[in-house]
Amino acid sequence: MFEIRDVDLAGRIGRIYTQHGVVETPAFFPVIDVYRQEVSVDEVRAAGFGQVITNAYLLWKRFGWEAAEKGVHRILGFPGVVMTDSGAYQILEYGGVELSQGEVVEYQKRLGSDIAVILDIPTGDVGRREAEESVRETIRRALEARVMIEGDERIWVYPVQGGRYFDLVEESARVGGRLGFYRMYGIGSPTVFLERYMYHVVVEAVYRAKKHLPWGRPVHLFGAGHPLIFPYAVALGVDTFDSASYILYAREGRYITEYGVYRIEDLDYLPCSCPVCSRYTPQELREMDRVERTRLLALHNLYVISASMRRVKQAIREGRLWELLEETSRKHPSTARVMARMRRYIDALEKGSARGRGVVRGVRAYGLESLSNPRLSRFSSDAARLVEAMAEKWGGGKAVLKPLDPKPEPGQCESMVGGGEWILFYQPFLGVFPVEACGAYPSLQIDYPQEGLPAEVIGDLASKIASTVSILRGRGFTVRLEYCGKVEWQARAVEALKTAAAGDLPTVEACG
């Protein structure tokens with residue numbers, strides 16, 4: 001049912017197999033409103049979406065059991081994968097629905113949905129007592145539904161609830177993770193937080209939930225429809241998303257970009273090359289009648305979301321998902337806050353970061369966030385352990401620490417071996433590593449600016465050099481350090497060493 005094809009961090013490129021086709025993840029499900037849909041499903045497909053989601057409760061309200069007789073694919077005129085939500089959003093907005101859990105489940109079966117959701121109780125942004133009740137009732141309903149859904153041909157989703165109460169999120173996920181008759185999991189109630197750009201709450205909920213969910217099952221994030229959240233949620237293990245944001249924003253004259261949402265009246269230029277933006281100017285869009293403007297803005301918003309999904313997939317394929325997180329963190333203050341939180345999850349994310357992927361393209365490092373890039377931090381930790389083990393084995397001698405520039409010339413490692421001294425290299429982000437490890441990925445594949453590195457990065461390097469010097473001296477080595485004062489990062493590292501418990505380290509300037 002779910003085939004994982006590629007992994008970086010906890011993000012996956014995968015395939016969800018359904019009765020009406022295959023969904024390649026990460027994937028976005030545009031919400032189709034059966035009451036009011038300014039963009040046709042054909043246009044949705046043309047924008048790159050072979051899957052959509054619609055609300056089963058609203059289908060029932062409009063068509064009753066007639067929709068079940070025709071089937072949801074025929075009602076929508078959509079031949080691809082259709083996911084149906086149960087009406088939980090209406091509970092969140094209006095306090096209830098007229099259908100029972102059993103009726104909602106049976107209705108989705110008869111609709112012929114490919115992916116369906118039980119009638120859960122969304123938490124939203126409520127007090128602790130209400131949140132506890134939403135989790136308890138959702139769990140009760142999830143257990144109750146077993147006799148109705150076990151063995152069913154469609155994929156049933158277990159909704160994880162708890163909102164901003166992360167212990168409740170974990171409890172909900174822990175129970176759901178043990179219910180094997182659910183072949184997909186959904187994390188609910190993020191919309192109220194996403195609307196306020198409280199992305200840090202959403203990613204924390206995802207992180208807490210994923211700890212208890214089976215690795216081999218896809219995970220859906222309900223109500224997430226902005227490109228700013230996609231890379232972080234995917235990096236934590238979310239596979240699919242849905243939202244009506246593309247059309248809701250369009251109705252208000254709002255224009256989605258990868259770095260925020262603009263009102264069309266505030267734009268003089270369109271920073272996009274999609275079919276809509278290539279044909280029209282902001283002024284032309286503003287002068288259109290409301291219906292046509294809404295349709296075109298919605299199409300643009302869909303194209304942006306589609307492009308964002310492709311960008312995330314490519315980053316996974318290249319092993320550069322962390323670098324995409326860094327890039328996104330500089331697009332909005334809310335994502336900068338999320339990035340700070342992502343560094344706390346590094347142990348969990350590191351497990352999915354392949355050691356050799358992206359060797360041809362290398363690793364790009366920029367600043368403080370790059371220190372937590374799993375491919376760099378893992379090499380640094382491994383190198384430190386290797387230095388200590390080799391120093392212990394050799395039991396003394398002469399050691400010299402030499403700088404290694406980004407992307408050194410081929411053969412540079414070998415050219416420095418010999419002379420009766422043990423050669424160790426040092427680099428920003430990677431720390432100190434022996435010549436024997438020079439060439440191991442990514443020591444020769446890292447690229448970073450040689451000027452203007454943040455003080456924290458230089459301080460981190462100085463600290464790692466000082467630690468290495470202490471280890472070597474403790475094993476009977478005499479140590480000196482070479483540097484080139486003309487190279488800014490090297491000169492700054494030597495200066496920083498004066499306050500890093502290695503002020504007495506002999507240094508020799510050696511340029512060229």
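From the backbone N, Cα and C atoms, a Cβ is placed for every residue, glycine too.
As given in Swiss-Prot:
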{"type": "ACT_SITE", "residues": "D85", "note": "active site, nucleophile"}
{"type": "BINDING", "residues": "D120", "note": "substrate binding site"}
{"type": "BINDING", "residues": "C272, C274, C277", "note": "Zn(2+) binding site"}
Inside 10 Å of the Cβ of C274 (Zn(2+) binding site), count up the other Cβ atoms and send me the figure. 17
Sorry to bug you, but what's the C-alpha spacing from the residue listed as 'substrate binding site' to C272 (Zn(2+) binding site), rounded to the closest Å? 39
List, in sequence order, the residues of the same chain other than C272, C274, C277 whose Cβ lies within 8 Å of the centroid of the Cβ atoms of the recorded Zn(2+) site. L270, P271, S273, P275, V276, S278, H300, Y303, V304
Have a look at the binding-site residues D120, C274, C277 and say which one has the shortest Cα distance to D85 (active site, nucleophile). D120
Taking the Cβ of C272 (Zn(2+) binding site) as the centre, count every other Cβ atom within 10 Å, in any protein chain shown. 17
So how many other Cβ atoms are close to C277 (Zn(2+) binding site), meaning within 10 Å of its Cβ? 20
